[in-house]
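Lifted from TrEMBL, the feature list:
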{"type": "DOMAIN", "residues": "38-209", "note": "domain 'IFT122 first beta-propeller'"}
{"type": "DOMAIN", "residues": "212-318", "note": "domain 'IFT122 first beta-propeller'"}
{"type": "DOMAIN", "residues": "323-575", "note": "domain 'IFT122 second beta-propeller'"}
{"type": "DOMAIN", "residues": "583-968", "note": "domain 'Intraflagellar transport protein 122 homolog TPR'"}
{"type": "DOMAIN", "residues": "1024-1067", "note": "domain 'IFT122 zinc ribbon'"}
{"type": "REPEAT", "residues": "72-103", "note": "repeat 'WD'"}
């Protein structure tokens, strides 16, 4: 829809507010001698006074009324120029008498200075009190702070001068066509030479602001070319010159009404307005002779002009609003030459620069018409882009009209009573003549080329015309001239504002007056609501819906459009969008139970509280559709759930749904908190169950009981359960648990009891349960008891259930290892379930040995080995060699146990081999502990002989490869030191040789060097008493044996005492294969038969003499023949008879578990007491063993005591 304002039209002459032009001052002031010309004008800084240069006087007028206030006499000749300082304290005048007079604001002359020629122009700096005075030959700069005037000569007459806005540059226009730009020191910064030279004097120039980029421009006019040109401060010309067609005498900037303009006066006898780009817009004033002077009032629309005929005029310029409106698109004129199309909803804007005075604007759909001074431009909006217009047609005609509208393919021009339809080629197609002048036009739409227009006439007639119909149609007529009108969205009603400021609404179909409202100046229907309009007047905005009273709010301006909840208002020169809540109209509809209309109003824009009110009132009236949409708008999901429930009940109820009308009302009352009313309504409808459910949900159990019937046991149980829920929610767990138990909700009761740690209640509850029917609940109770620490009670329940696996798991989880292990003895199948977590717990407690055994019992052999290996290697790394020896011994025992369980010979052999390797490591680390202490500690409890024996033992053990953690240097160093001490110099020298191949630690270097020097001085032999004796072959052995710890002659392995590491007098023998270990043991324990012995041998125990080797009394005799008679490296194998000949006290039997055979040793020195450890099969000197056992109550090697189990 188009809305065309009646004020859109002419620019200037019709807009004067006041004028005191055409009053010639000279005849009244100077006595009728002559008429004085007005050469210059200026306003005071406050704009109250107007200063005029008239003849040889300076005249002071009151700017508002034109009253002459002062006539100042000081000049002796014609006054050519005046200028007022920006601070308002003084003004200056200059004239043909070559003098410049400084006047105060109280009209007193305070200073006079002169030039060599007549003063042509003066100008005050806008930011400082500097005055520039220009004559025909020079210009001067004066300021109050300086006593002298600084003057600068020029080569031509100065005709005009102007300071820029920041006061840094002064432009001088010369009579030779030159413009010179100087700074405040008088230095020339730029120079402009106009074409024509002396024939183009520059009589007018000024500084202005470029509107596009806010840069300063110098506007220059000359008389030779009669053009207006624009230059930058550096003198460079921009834009093309604009032809004026007259000699410009003065040009000043006019900055008001939202734009920058230029006022130019001169020989055309006019004061004319130009755009900042130099386009002529129209005359401001016209005189009978040249207009020599014009001035503008600061921050005002008032302009003054002075003519050669003595006329002084003062006008106020008011620019009419030129605009057009179609729905939400508003087109308006800006800066007189631009069209701005503004989308009032999205705030998007587009500017169209026309570079000419815009007289009319019309907009309709995608069409935009702009009337300029000599042509009419038609624009079309592109479909692909929002607010992008391109030129569609250009009509080069000047149409005289008061109103203009545009249709799809036509322009409608209105002038008084006539309307013309012109196509886009400028051809008139149709004309209508009406009975009265047209005051208002509105397009009501229609197909292309057939649009309809609604006309409001001055005689009060409302007519309608169609572009394809030559005859107007009268719709109705009122008695008062029409000011404006608007048509409703359905085109059924028309709203008219007349000259009596009355807004009347008529029904178009029959002309019926529907309503009238006073104090209106404009009116608009709501586009989205047929029965709603708004009108403005007397600073009030009125919104009227249907025939309801108006809703008012403060407002200034004119209403031009009503779009939903947005009102488009014209305020001064600008269009604004006012967002208004439509709460009042909505409540007016609600008061009359018009819910559908109220919802339509709410959709256009109300507050959230208004939506809530609409929703609740609609639901009370069972307007479910409207209520649902309103609740969706405010996102009230609870009420939406209620709406859906009622809708489903209606859907399922079918024809009987209407019978449940009171039930639905009851539901709504319940949601609104009116519970008693809802319950009574439920009972009235026969739905007491809903009342029970309502009060139960509200925890009003006593009231719920009132609505129960006598046979509703299930409902009573339900209430009891909900009551228990409520007790739990209010933190009364004991009552809740008891009620749950009574209601049969045992699980909920158990959870509450367990959460509060009431063990006795749990036990009582479990005793009431049957083990067969409620086993799962009993298990839950058992779990809670176990968690609460009542393991025994939990186990009692599990025993009732007969669940040994769960019982074991419970004991393990609670750490009741004693009971768990006892359970495993009764149920071996649970071994892994108990021993595995037990082993992990032992490991966490750093009881690694016990953990290893538990892993073994659990069948986790790899984990058991890993524990032992880790312990052993960590002990080695920490230099705890005694512990390392013990761990390796345990590891070896573990391998022996695996060998006993092996299923194949190869696997058995593998485990046995690993057993011997681990046992060797254990023995080596056991011996190395004393060596390490000797080399790393200041004191040692071991005797030199023992350290010497240990060093020899380790040296021989490491011949086949080093062991981790055993320092070869420490072994050899200990051997060297103690060999030297004991007199084994040959062995000591051999140790020195070995040390040469080893890296000696720095702290031992000096000690080694001294020992080496001392040993070299000794003989190369070992003491005889130190040489080891083989008790099998009775041969002495060197202290260092490359073959290891065995006889160098017969190869018999030496048996060491594992405290002093002396070689024991033991010889190993074997039994025949058909003799079992048990039988061999019995044979050995049997006392040998008595025999006759020689006197010399009585009391001796099988001493081997040369003449006794052939004797058959000793079963070993046959194995001790000379080597040429018998291979002394063969095994000693005894039969049953030989075993019977042995004394039990002379034999030591080392029993090994399967698959290892038992080992048999004969002590050839029965007087030497030996001790055999049955746990590790190590043999010791009895005294050493007993001493150590008394000290530590354990075996020195395996740490077992007499109560420890054997293999």
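One is the number of the first residue shown, and numbering goes on along the chain from there.
Glycine is no exception: its Cβ is also placed from the backbone N, Cα and C atoms.
Please treat TrEMBL annotations as automatic predictions, because they have not gone through curation.
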For the repeat 'WD' (72-103), what are the DSSP-based totals of helix, strand and coil residues?
0 helix, 19 strand, 13 coil
Should anything in the same chain at least six residues away from the repeat 'WD' (72-103) have a Cβ under 8 Å from its Cβ atoms, list it; otherwise answer none.
39-46, 51-60, 109-127, 129, 131, 133, 135, 140, 142
Summary of DSSP states over the domain 'IFT122 first beta-propeller' (212-318), given as helix, strand and coil counts
0 helix, 66 strand, 41 coil
Secondary structure of the domain 'IFT122 zinc ribbon' (1024-1067) by DSSP, residue by residue, totals 3 helix, 9 strand, 32 coil
Could you pull the average pLDDT for the domain 'IFT122 second beta-propeller' (323-575)?
91
